[in-house]
Every structure is written in structure tokens, then in C-alpha cells.
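K.L.:
Once you've had a glance at the structure underneath, I'll fire off some questions.
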Amino acid sequence: MREIVHVQGGQCGNQIGAKFWEVISDEHGVDPTGTYHGDSDLQLERINVYYNEATGGRYVPRAVLMDLEPGTMDSVRAGPYGQLFRPDNFIFGQSGAGNNWAKGHYTEGAELIDSVLDVVRKEAEGCDCLQGFQITHSMGGGTGSGMGTLLIAKVREEYPDRMMCTYSVFPSPKVSDTVVEPYNATLSVHQLVENADEVMVIDNEALYDICFRTLKLTTPTYGDLNHLVSACISGVTCCLRFPGQLNSDLRKLAVNLIPFPRLHFFMIGFVPLTSRGSQQYRALTVPELTQQMFDAKNMMCAADPRHGRYLTASALFRGRMSTKEVDEQMLNVQNKNSSYFVEWIPNNIKASVCDIPPKGLKMSATFIGNSTAIQEMFKRVSEQFTAMFRRKAFLHWYTGEGMDEMEFTEAESNMNDLVSEYQQYQDATAEEEGEGDEEEAEGEAAA
């Protein structure tokens, strides 16, 4: 049944991944040793989407863990669910990528990539009907961005018809880990535009804001941030894992969300987000969930959907609720806020309903939006990129690994093209029938 192979790369990817497996194992009643302790057959019915059943009834994640230094992997192995993973699926180097995309993509990462691909292949062969791959990684570092995109390109080559879904942590506007983030991120976007099917854009600052403002956590840890992301990843694939009234899977999502092949960068959100103290006082209704879901404060990336328009959106509900009510609410949102949806795609919200809510909640919803406002993220990175690239600052770290300046220029213009494509569709109206083609032709000539 529709399995998904999960790959986590680099420090950020491995930390998000580790948290994700905690959340999923909890949902399926799998304890840290891989033994099932659940209370419902539904947990086991499609557990094989993410788990392999090994001898003695142990459930082993279909996960591949990669990094260019052993540190993060050691802490995953020592973490609460570290013994769950198959030991051969930890692949790590010793050198580290030193936040250098070129090291991850061309030198250090390229040396390790074949052993990673062997494990990915082995996991894929263990599937009945592989649906696709999901990858958690960051865009600002060296391993997750450089080696992550290298792996995506290689897997794409070998499995061209399987879905490739990434959860990519973009550099944040205010908090920066490394000076060369704009370089690494731009080079990665360049790759993701070509090789990924769906990119869920996440950034730490938006996650901090959610923890701080909505969840009222005074000092949010990365664990708290990663928990938010895990809730989303779990929501996206919940329809594959539990029975539902309106199903969706990675491919249906893609078909419904991507009007033009390059525009596959999505904003994600999860509701209900309530602080730990006030959880028990809130009875949730479908209208409340829907209203919260489209709230800009709940978006997990620092782009404001009110500054753009939704091309498409998808709402994945979980819990016992009437589908009629869900449909009404979706229509209601589109009618009330019609200016925020492009009018040349009628009914552009896809909804799905899965009967089993996540642990501790009566109902929840995951939101995935394809909004033109995402261009804010790319613009911001692009400006920082240009500022440094104009002076050729830090370039020697990349050229020293055998990269060419040309590749930087290409990545920069590809990202700027992406921004103007989003802008073009934000401004497009249903009336301009014949004009669109001429505009595009001019645009290509200009590019």
C-alpha cells in the first residue's frame, strides 16, 4: 500500500525528522522499541505507509538518515526513539560540510551520496507500491541544502514518476545562523524548482512567532518548533494512514495545488494552535478551524498571504465532522474573501477529511496554500544574495570546491524568474483572455 520513504539530511533535517517519528509513532501506537502497544486496529491497518514490519512484529521506520558529520545522528540515536531506526540506515561522513553548499553538493556530499542511494534503493524495493519520498532538510546550511538537493536530483533520475515532497526550512528574515545562508538557499531553490514536486516552505522565525504569540511559550526550543512542523507533516499524510471520507495523497495534492509546474512552493499551517494551559476550554467547530486556518498568524513561513493571492489551497481536516459542513465552510471562505483568491481558478480549495484526529485533539486541520505571497521569501533571500554576490564576498569558499560563478548567476536569475512568475499570476485577471500569451512571449524575450 502507498508507502512513503522518508529521508532526513543535515542537522536541521535530522532534528525535524526525529521529532516527526516521535509524533507518528505516537499516532500509530508504536513504542520506542518498535513494539505495537496501541488500542485500535485502525492504527495498524495502514501502518506500512511509514513502517516496515520486521521479524518478531517490530515496526521499523522507512527512514534514511544522512549527515556529513556524526554529531546530530548520535543525538538522534541517543534520543527517545533512537532505537527505532534500522542501524544500517544511518549514513554519515566525518568531515562536515561547514555550511558550504558546494561541499554538500559537489565534494564531501558527492562522495557519500552513493551509499545513501543504496539505502534509499533498498527501502524503495521493500515497498509494494511506493508513492514517493518526503525529505526534511534546511536550505541555509551545507548538508541539508547541498547534499539534500543532490539526493533529490539523483532520486528524481532513478524514480522519475514517484512524488518528491520536501519540507524545506528557509533562512529567516531576522535570525540568521550563518552569513552565507543567502548563497546556500538560492543554490538550493534553483535545484528545487527543477527537481521537486512539492516544497513545503517553513522558516524558524514564523515558527518562533507561533510558539511565542499563540502558544504562549516564553522560551521556545527547537524541539517546540520541530513539533509544529511534525504536526503538519503528519496532517499531510494522514489520509494515507487512516480511513477517511474524502481522501487525498501526495499526488492528488500536487494535481490540485500546482497550476503551473514551477509554482510548487507552498505555505503550510496547522490548527488548532492553543497554549497548553487553555486547551481544555476551547470547543472546536469546523467554522472556527477554518477561520484559524486562513489566519496569517498561523502560517509557518514568514510571508503574509494578505500581500498576495491564493492560486490554490488545500485543507486537510482530521476528526469526526460532517463533510457537508466542511464544504460549506470552504465555499464560505472563498465567497467572503474572494479578493484573496484568483478568480480564474474557480473552486480553488481542495478539502479532505480523515476520521482519526491526532493525539489529544478532537479535530484538527492542516492547511497547504499555494499563494503568490510566497515570493516575499524569495525576494528577501535574493536581495541578500545580490548584496553579497555583487562584491563576490565569500565566493572563494565555493569556487575552491570547484564551483563556477556562472552557477551562481544562473541560480540568481532562476529565482528572480520565479518571483516574477508569481507576480504575473497575482496580477492576472480572468478578463485578459488573449493578452496572456503575448505578455509571456515578451517576458521570455526579456529574460
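Cβ coordinates come from backbone N, Cα and C, glycine included.
Dumping what Swiss-Prot says about this protein:
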BINDING   Gln11, Glu69, Ser138, Gly142, Thr143, Gly144, Asn204, Asn226  GTP binding site
BINDING   Glu69  Mg(2+) binding site
COMPBIAS  429-447  compositional bias 'Acidic residues'
REGION    424-447  region 'Disordered'
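How about a rundown of where these features are and what they're close to?
P.N.:
Around Gly142 (GTP binding site), the same-chain residues at least 6 positions away in sequence with a Cβ under 8 Å from its Cβ are Gly10, Leu68, Gly96, Ala97, Gly98, Asn99, Asn100, Trp101, Lys103, Gly104, Asn184.
Annotation note: Glu69 (GTP binding site) sits in a coil segment as assigned by DSSP. Listed in sequence order, Phe92, Gly93, Gln94, Ser95, Gly96, Ala97, Thr143 are the same-chain residues at least 6 apart in sequence whose CB falls under 8 Å from the CB of Glu69 (GTP binding site).
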K.L.:
Using other CB atoms within 10 angstroms as the count, which residue among the binding-site residues Ser138, Thr143, Asn204, Asn226 scores least?
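P.N.:
Asn226, out of the binding-site residues Ser138, Thr143, Asn204, Asn226, has the fewest neighbouring Cβ atoms within 10 Å.
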K.L.:
Write out the long-range same-chain contacts of Gly144 (GTP binding site), meaning residues 6 or more apart in sequence whose Cβ is under 8 Å from its Cβ.
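P.N.:
Listed in sequence order, they are Gly9, Gly10, Gln11, Cys12, Gly13, Gly104, His137, Ser138, Val169.
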K.L.:
Based on the record's binding annotation for GTP (Gln11, Glu69, Ser138, Gly142, Thr143, Gly144, Asn204, Asn226), what whole-number value in Å is the widest Cα to Cα distance?
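P.N.:
Max span of the GTP binding residues, Cα based, is 22 Å.
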